[in-house]
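Undergrad: Right, I'll just put the structure down here and ask away after.
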Amino acid sequence: MVRPRSPRPPPLALLLLLLLLLLPPPLPLSLGAGDPLPTEGRLMNSCIQARRKCKADPICNATYHHLNSCASSTSIPSPSEEEPSISEDCMEAAQQLRNSSLMRCTCHRRMKNQAACLDIYWTLHPARSIGDYELDVSPYEDTVTRKPWKMDLSKLNMLKPDSDLCLKFAMLCTLNDKCDRLRKAYGEACSGSRCQRHACQGQLRAFFEKASEPHAQGLLLCPCAPTDQGCGQRRRNTIAPGCALPSEPRNCLELRRLCLADPLCRSRLADFQTHCHPIDILGTCATDQSRCLRAYMGLIGTAMTPNFVSNVSTSVALSCTCRGSGNLQEECERLEDSFSHNPCLMEAIAAKMRFHSQLLSQDWADSTISMMERQNKNPALRSRPWVPSLFSCVLTLLLLPSLW
């Protein structure tokens, strides 16, 4: 009598396939606002990494040194001077490196060796570095991914119910150890009758680089009622304009000349012009609003620090004037308008203020939420993790009879 064959157990490979199909997809790695400062190895093509590779090649290394001497021997012209001509041998050296990884390298505003990285970048791009005021290529790696920002809104109940939203965002910063520490650091550096503007601006840059982006944006872009002078004044004083900005506004073209002479400021200006400038007469923006706001905040603490024009306005402007520009008046006004009449920047600021208003407009007692959860409140935008899992189960059941 032949005994019936017992069912053969599923092979190990099939069990592994089943397990992989049922597991949720891995989350992409991101540089969150609370992440540690990135190292060169975490960037796609850091200029510091590319420079190390170039050193290993004698021809590349010699060409780079020649370009470096070109950059150090040429200065930024004053607004009234003609643009300096870049020698043919310098342009030829840049052309020789065009096919190397150096010419495609980038930096990151949170990296530890940012200054060294930017020096390499501008050495490699002499035409952009000297006299080219249409800086439409940013030296920074284009990253927008952020982790959800967890915050406990229930503690805002300690404030009076009618407290303005700028005060609420200041409270959220105070309740966060890192934000509070960085804010106090620039508050101390920027206060007093004998403040050191250079030190003040350095601490301002440190705050907007190292504090979590939602905390920094909440302080800087908190919405106020049009008649609430106190709220507007608190918002306008976020960047400590009494110390961070010159008491007497300079000519805007002179301000830009000072900025172009500093690799960091030049990089931030290029980033702003890349992400906040309209690309046509209809006002179409080159990139999304999050990139524009990040580029705008990157200018705070540089020679081109913008701020709100008054306590009752959400318009921003540079602290400079076009008086005395002579035959460069039109060019100066274009620079002014790139901040004060920039539709991409204005809409990005307005949209972020609307979001902040919605975020804090309800009673969030006993709730800890994340920014990402709040933004995805719309059911049409909410992710549905059960959909891929259900599909995986059905697919697995269909495949089982043929693989068993």
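From the backbone N, Cα and C atoms, a Cβ is placed for every residue, glycine too.
Keep in mind it's a predicted model, so treat the numbers as computed, not measured.
Copying in the features that TrEMBL gives for the protein in this structure:
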{"type": "DOMAIN", "residues": "47-129", "note": "domain 'GDNF/GAS1'"}
{"type": "DOMAIN", "residues": "166-243", "note": "domain 'GDNF/GAS1'"}
{"type": "DOMAIN", "residues": "252-344", "note": "domain 'GDNF/GAS1'"}
{"type": "SIGNAL", "residues": "1-28", "note": "signal peptide"}
Undergrad: Can you work out the mean pLDDT of the predicted model over the domain 'GDNF/GAS1' (252-344)?
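TA: A mean pLDDT of 93 is what the model gives the domain 'GDNF/GAS1' (252-344).
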Undergrad: Tally the residues of the domain 'GDNF/GAS1' (166-243) by DSSP class, grouping H, G and I as helix, E and B as strand, and everything else as coil.
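TA: Its residues fall into 58 helix, 0 strand, 20 coil.
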Undergrad: Using DSSP, break the domain 'GDNF/GAS1' (252-344) down into helix, strand and coil residues and give each count.
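TA: Final tally across the stretch: 50 helix, 10 strand, 33 coil.
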